[in-house]
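Asker: One structure, as structure tokens, below. Some questions next.
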Amino acid sequence: MTTILKHLPVGQRIGIAFSGGLDTSAALLWMRQKGAVPYAYTANLGQPDEEDYDAIPRRAMEYGAENARLIDCRKQLVAEGIAAIQCGAFHNTTGGLTYFNTTPLGRAVTGTMLVAAMKEDGVNIWGDGSTYKGNDIERFYRYGLLTNAELQIYKPWLDTDFIDELGGRHEMSEFMIACGFDYKMSVEKAYSTDSNMLGATHEAKDLEYLNSSVKIVNPIMGVKFWDESVKIPAEEVTVRFEQGHPVALNGKTFSDDVEMMLEANRIGGRHGLGMSDQIENRIIEAKSRGIYEAPGMALLHIAYERLLTGIHNEDTIEQYHAHGRQLGRLLYQGRWFDSQALMLRDSLQRWVASQITGEVTLELRRGNDYSILNTVSENLTYKPERLTMEKGDSVFSPDDRIGQLTMRNLDITDTREKLFGYAKTGLLSSSAASGVPQVENLENKGQ
């Protein structure tokens, strides 16, 4: 059976991930007119720039959908976001600022929950608005087929008939008007935005050029912290975790993770926390650039890692970072539910996150400028009395340290011998002015 359909399957049910925007509206209407039977599915991901979710399915019905459903994905989205924080599943960083994989997390939830809803309705053909150059086409492909092995894919934007008739936004707008719908194109921005409750992605158009900075972006989850005319007073905030799960903000306990994430977004957003500019490597290994917002994820991540460093030992922390980066890349590639990702997630949540209990107090200022004011946990292995510089009882004596240093003589001797061995082979240079061989200055060798 062909998995990807190049042309419209006339007379068959097609599920379309319907956002209510111009692209999906025109595609749905076009498919109905050409003889397909479209079903519309809209994911409620708590998008900060969406005002009326209930109106979206109604519009889909007006445009010819056989049926239209609104699928509430918020709870699952937040659950996956918290899992990503527990695992440190983030691999794109620039200058210490992190991209929290908010779009990949959204695609994992959307791709599985919408296809599951389609399967309930007997719809086994799926279409969405992802383009052939991007990451989402592969993410949705993987998650869709994982959820429904019988799934076939039809994308209007890969259909030459659709492209020839409605290849641009102007053509789509004119098509809608000609069909009796008073559809006005939204004002063109200098970039495109995709968002969910965890974060927002701004990319494309002017942002494809690296001389266009964050200053052209209008944040939808925070403030323009770079604009000195925007007043942002400093604010203290406390974040409490229990066994790796965020449970309280500023002393208020949340039983609903969705409400907790919304409040974390409000707190972080007041300062522009979690906004970053990243050059990343797409799945197809071409580089792209995005400007990201994730105020709540950033707030929780900072507090989580503060507790992590005070609770776990060095080797555990090293494994957390290494496995987290690996898991973040799998998430980015659309492999969040693959066996290798599940193995890493289980290990990190079981042996790392389970011990993260405590409370962190921070002072948030402008953007990603913050200070940690206090860290409290019953699981802290940080014990100031162990290494105090003050006179008093100590867990080890000067003689103990002399013995420990003496034992280092063995590997110091081995290292010295290796260095002189490298010098003999020409990898290092040796001179009377230096006690050990050193790498030669390449400039002196004309290289």
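Quick reminder: no glycine exception, Cβ is built from N, Cα and C everywhere.
According to Swiss-Prot, the record shows the following:
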BINDING   Ala17, Phe18, Ser19, Gly20, Gly21, Leu22, Asp23, Thr24, Ser25, Ala43, Gly129, Thr131, Asp136, Asp194  ATP binding site
BINDING   Tyr99, Asn135, Arg139, Ser192, Thr201, Glu203, Glu280  L-citrulline binding site
BINDING   Thr131, Asn135, Asp136  L-aspartate binding site
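Context for these features, please: burial, neighbours, distances.
Answerer: Counted within 10 Å of its Cβ, the other Cβ atoms near Gly129 (ATP binding site) come to 18, all protein chains included.
In this structure, Ser192 (L-citrulline binding site) is part of a beta strand by DSSP. Around the Cβ of Ser192 (L-citrulline binding site), 12 further Cβ atoms fall within 10 Å across all displayed protein chains.
For Asn135 (L-citrulline binding site), applying a Cβ distance below 8 Å and a minimum sequence separation of six or more within one chain yields Thr103, Pro104, Arg282, Ile283, Tyr332, Gln333, Gly334.
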Asker: Please report the three-state DSSP label of Tyr99 (L-citrulline binding site).
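Answerer: Going by the DSSP assignment, Tyr99 (L-citrulline binding site) belongs to neither helix nor strand, so it counts as coil.
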Asker: Looking only at Ser19, Ser25, Thr131, Thr201, which of these binding-site residues has the biggest number of Cβ atoms within 10 Å around its Cβ?
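Answerer: That would be Ser25, with the most Cβ atoms nearby.
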Asker: Specify the count of other C-beta atoms within 10 Å of the C-beta of Arg139 (L-citrulline binding site).
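Answerer: Neighbour count, Cβ to Cβ under the 10 Å cut-off: 25.
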Asker: Mind telling me which of the binding-site residues Asp23, Asp136 has the densest Cβ neighbourhood, counting other Cβ atoms within 10 Å?
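Answerer: Checking each of Asp23, Asp136, the winner is Asp136.
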Asker: Pairwise over Tyr99, Asn135, Arg139, Ser192, Thr201, Glu203, Glu280, annotated as binding L-citrulline, what's the top Cα to Cα distance to the nearest Å?
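Answerer: Output for L-citrulline binders Tyr99, Asn135, Arg139, Ser192, Thr201, Glu203, Glu280: max Cα distance 19 Å.
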